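Enquirer: Okay, here's the structure, questions in a sec.
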């Protein structure tokens, strides 16, 4: 059939009113009939429907056409459908070309019907010009590595890893912190059922650690990614812990003796308390191992890592406090350790990104007195009310946390003393701090309304006399049982005010003067509060942009990883074989994060399960007889698919089809025109350009 005279069929889709509402279909049909080699022109309401596809199949089977052009919507979503129709009818599917007259024409010129119709003609003419030169191509098959890398050990990463591992596939779970758990581990309870967060999460963390198909790589980060779908090569940097994890039992003896000078803000408690230079991330940590923060360590007694200890006059070694108390020798500083840690290489077939989120820092909001210790973020409030938090769940104002710590030390010594820290009597919540705000983020952070209501409910139930105000722009409760949850909060006596807070002023006694506006009564409101909680925006986690660069995936305008298609492919990325889920993709609550994680896991398993993968032949190929061996193409390839190899005693470029993604950069740059991009050859593209030039659309040099 390749040697036959092209017999082109043009099939024009109405797409309901999406195309027909702006393009005169009958006029376009008459125009298409005049184009060279066009023998059949048909239109249909929805060409992608079964009856629409049947029109194409029937014409192919009856020998009317041997090339197919469909003028419809985007090839991104519909090209596979029409290729399959051609293949089912016995025609090589690469004898198909698509003309996008919806996205590039009708939608772009909805109110200019004459121009839209004329543009549709030109797009179809260019597609027909290319169709005359199409070549039959064959799909390629490559072996797939049946292993998956999951980046991020929060609730989304945990579920993705478990689903894949339970299906019998090897999973590498990489987490940059010493423990998995993510932000969910910091929460006290979860809405709308008020379940204990740790009670839900901890068993899952333990299951991950004990699963035979999961290799847990905590305190590690992805350093580089090479290869392509089915065969990624990933370099992971395991950071130096300065503690022998093979010996560490997680007893915590070392953390108790770390001197005050080495104490720094505790990241897990969101800076409300301090931790030692040697620390275990949190009580339920998995793995529960100590880590030394080398930047905080003061090298007690001049004890440096990798050196023998100094000795006293009587010959006893002078050890650092953590060394002295460690029962297993895990903190032994004599052992030499590489400060760069260890670099390991992994071969995987698919990658799932579940890197989570961070909360926006309060220091951006000068109008809300961010310098006051009693103005905190909602995530800090989670730690304040948690039994594993800095005050063990006792509600006191953050400015008095040092008093609580002193009281705790005295109690530990057996002293009977009362806690003199101030308890808040009035708490004010401020919603949409940084969200829905053109100065910062225009998007809604989705979970803020519900977690403010949750915290207020928990506090009101535990402390009935507590006076709680919540300033909302709008109350958004669009989930299952969410609105009932909101009504329950109102019934408890929590004061919900529709309106914005204009400013907060710090008072000399560390209380806070809150000035807001009540939109329902149309008057300003003033509240003197002991504690203010800011519902700051959910933001992409630190390192998102750098990780996107390493993976070769896109970032959206809001800073989160961008999905391939919002509705059809919400967990896929534009880089095949790499999936996203959870808050890495955008703000969402725990159920939505879990659902998306399971979807990403399912997509990854569908990819690796066959063991082989079909690749399109739309890749570049070098004609070594024409190649001059200049090597210009090698550094230009963004996928590392081109190498220089020996050919007839000379060096020539060679393209690995398994790595090539068909971007065409090499073909465009080759001065010898020795590189051919199948499906987009020089002749095919030039034919399209010349067709448009004849009609006055473009100029050709």
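Including glycine, each Cβ sits where the backbone N, Cα and C put it.
Annotations for this protein, taken from Swiss-Prot, read as follows:
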- 152-175: FAD binding site (BINDING)
- 239-268: domain '4Fe-4S ferredoxin-type 1' (DOMAIN)
- 248, 251, 254, 326: [4Fe-4S] cluster 1 binding site (BINDING)
- 618-647: domain '4Fe-4S ferredoxin-type 2' (DOMAIN)
- 627, 630, 633, 670: [4Fe-4S] cluster 2 binding site (BINDING)
- 637, 660, 663, 666: [4Fe-4S] cluster 3 binding site (BINDING)
- 651-680: domain '4Fe-4S ferredoxin-type 3' (DOMAIN)
Enquirer: Using DSSP and collapsing to three states, where does residue 660 ([4Fe-4S] cluster 3 binding site) fall: helix, strand or coil?
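Expert: Residue 660 ([4Fe-4S] cluster 3 binding site) sits in coil per DSSP, no helix or strand.
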Enquirer: Rank aside, I only need the closest one: which of the binding-site residues 251, 627, 637, 660 has its C-alpha nearest to that of residue 170 (FAD binding site)?
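Expert: For residue 170 (FAD binding site), the closest Cα among 251, 627, 637, 660 is found at 660.
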Enquirer: Apart from 627, 630, 633, 670, which residues in this chain have a Cβ no more than 8 Å from the mean position of the Cβ atoms of those residues at the [4Fe-4S] cluster 2 site?
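Expert: Nearby residues not in the site list: 622, 628, 629, 631, 632, 653, 666, 669, 671, 672, 674, 675.
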Enquirer: So what's the mean pLDDT when you look at the domain '4Fe-4S ferredoxin-type 2' (618-647)?
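Expert: Taking every residue of the domain '4Fe-4S ferredoxin-type 2' (618-647) together, the mean pLDDT is 94.
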Enquirer: Rounded to a whole angstrom, what is the C-alpha distance between residue 164 (FAD binding site) and residue 630 ([4Fe-4S] cluster 2 binding site)?
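Expert: Cα of residue 164 (FAD binding site) to Cα of residue 630 ([4Fe-4S] cluster 2 binding site) measures 46 Å after rounding.
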Enquirer: According to DSSP, does residue 164 (FAD binding site) sit in a helix, a strand, or coil?
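Expert: The three-state answer is helix.
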Enquirer: Measuring Cα to Cα, how many Å separate residue 627 ([4Fe-4S] cluster 2 binding site) from residue 660 ([4Fe-4S] cluster 3 binding site)?
Expert: 18
Enquirer: By Cβ count within 10 Å, point out the most packed of the binding-site residues listed: 161, 164, 627, 633, 660.
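Expert: The most densely surrounded of these binding-site residues is 161.
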Enquirer: Does anything in the same chain, at least 6 positions from residue 251 ([4Fe-4S] cluster 1 binding site), have a Cβ under 8 Å from its Cβ, and if so what?
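Expert: Counting only residues 6 or more apart in sequence, the Cβ neighbours of residue 251 ([4Fe-4S] cluster 1 binding site) under 8 Å are 327.
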Enquirer: So if I measure Cβ to Cβ from residue 630 ([4Fe-4S] cluster 2 binding site) and keep only same-chain residues at least 6 apart in sequence, which ones fall under 8 Å?
Expert: 671, 672
Enquirer: For each of the binding-site residues (158, 326, 666), count the other CB atoms lying within 10 A of its CB, then report the residue with the highest count.
Expert: 158
